[in-house]
Amino acid sequence: MGKEKTHVNVVVIGHVDSGKSTTTGHLIYKCGGIDKRTIEKFEKEAAELGKGSFKYAWVLDKLKAERERGITIDIALWKFETPKYHVTVIDAPGHRDFIKNMITGTSQADCAILIIAGGTGEFEAGISKDGQTREHALLAYTLGVRQLIVAVNKMDSVKWDKNRFEEIIKETSNFVKKVGYNPKTVPFVPISGWNGDNMIEASTNCPWYKGWEKETKAGKSTGKTLLEAIDAIEPPQRPTDKPLRLPLQDVYKIGGIGTVPVGRVETGIIKAGMVVTFAPAGVTTEVKSVEMHHEQLVEGVPGDNVGFNVKNVSVKEIRRGNVCGDSKNDPPKGCDSFTAQVIVLNHPGQISAGYSPVLDCHTAHIACKFDTLLEKIDRRTGKKMEDNPKFVKSGDASIVKMVPSKPMCVEAFTDYPPLGRFAVRDMRQTVAVGVIKSVEKSDKAGKVTKAAQKAAKK
């Protein structure tokens with residue numbers, strides 16, 4: 001066994017009919033985690049329903065349907081491998097909760113793959129003014145997804161026309177530039193997801209195509225296929241060197257062991273012997289042990305779902321939504337208020353100061369008041385349009401001062417991304433999403449346990 005490949009997360013974006021499912025399905029199918037039996041079963045069903053030609057998309061539709069019915073399908077199905085990476089497709093948009101998932105993102109994407117339909121008229125529809133594509137690309141960029149690959153799909157429908165491809169590259173370069181990406185760092189790859197052309201092996205249909213190239217930190221990388229472009233993603237920097245932030249998902253009381261908080265390490269590391277602080281509870285104590293899947297861990301790192309045992313803390317003192325951090329290294333604190341950039345997605349009316357919906361930020365679920373609408377901004381450029389607007393409505397972006405109804409721990413997105421983005425829920429749907437720009441932290445002295453005092457003396 002060589003060293004385990006690095007894991008990367010990709011998100012696939014693009015217009016409804018750009019062929020995202022077929023393309024993603026094809027990658028998973030050819031390089032992926034779907035076992036032969038499942039594939040044969042799907043193929044048989046697809047053939048019976050006369051959808052044989054659709055088999056790659058069909059694979060994905062099956063997975064999606066099962067996912068939406070709440071059947072947790074083996075997430076391995078959404079994985080595939082390149083020579084360098086284990087790739088996980090963390091979401092395929094078109095999925096109705098795509099925007100919410102991107103925001104509360106169970107995981108941060110390292111790279112976005114934008115699929116553009118090359119067909120006549122299709123391309124134009126896909127990136128028109130109100131296009132979804134723009135929205136998804138903008139969202140990816142706003143949420144810190146800094147790497148992008150553009151796949152120009154359905155090249156078979158325009159007979160692999162070189163001029164068409166170049167025209168699309170020119171237009172798309174302008175488009176991604178407006179969103180914030182530097183086109184020189186973006187590989188543009190012509191493909192046919194339907195035929196699987198130029199996805200994994202270089203196509204023989206476009207002798208004119210010399211391959212893609214992109215600028216990287218180290219210089220330049222080149223290749224021909226989509227798989228090579230994914231393999232050329234810059235290795236992600238995992239936030240192990242940041243101070244610890246671990247939002248609690250649950251707190252258990254386990255006989256003979258005591259209090260065991262459980263959650264995912266978002267940044268930093270957690271290990272036995274550390275003195276940690278829970279915010280906004282304001283409790284400081286020592287970590288006795290850390291485990292994952294019932295095995296002791298030397299340390300938990302970002303991405304690990306861990307349980308850890310703490311001394312002298314009762315289950316009543318800490319709860320889901322609290323954040324655990326290192327008491328000696330930028331410990332987490334509660335906040336009195338925070339300022340965020342909020343984009344209203346679908347609200348039937350107008351939102352004005354005083355509006356108090358529920359915010360989902362990391363694992364916290366707390367009502368927050370829109371205290372002051374500070375400015376309205378153009379969501380395409382980020383430029384200010386007016387100061388202190390009276391209200392905002394669907395489609396608007398604004399800077400808002402928010403006040404939580406009870407103690408809450410959040411962070412600026414630039415410091416700790418997973419704790420700096422949120423979804424606004426009201427009327428059983430996501431009405432807005434936001435990114436936190438700054439936080440007014442509250443300083444309250446909390447409880448320091450005997451275990452923590454003892455550990456501090458060591």
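Any Cβ shown, glycine's included, is placed from N, Cα and C.
Segment annotation: Swiss-Prot labels region 'G1' over residues 14-21 (candidates 14-21, 126-133). It is 70-74, from the ranges 70-74, 200-204, 290-294, 315-319, that Swiss-Prot records as region 'G2'. Per Swiss-Prot, the range carrying the annotation region 'G4' out of 65-68, 153-156, 241-244 is 153-156. In sequence order, Ser352, Leu373 make up the list of same-chain residues 6 or more apart from Lys390 (N6-methyllysine) whose Cβ falls under 8 Å from its Cβ. Taken residue by residue with DSSP, Lys30 (N6-methyllysine) is part of a helix. According to its DSSP assignment, Lys20 (GTP binding site) is helical. Reduced to three states, the DSSP call for Met155 (GTP binding site) is helix.
The Cβ of Met155 (GTP binding site) lies under 8 Å from the Cβ of Gly118, Asp161, Phe165, Pro190, Ile191, Ser192, Asp197, Asn198, Asn205, Cys206, each on the same chain and at least six residues away in sequence. Neighbour count (other Cβ atoms within 10 Å of the Cβ, all protein chains): 15 for Lys30 (N6-methyllysine). The separation of Lys30 (N6-methyllysine) from Gly14 (GTP binding site), Cα to Cα, is 22 Å. Cα-Cα distances to Lys20 (GTP binding site) place none of the modified residues Lys30, Lys79, Lys316 within 10 Å.
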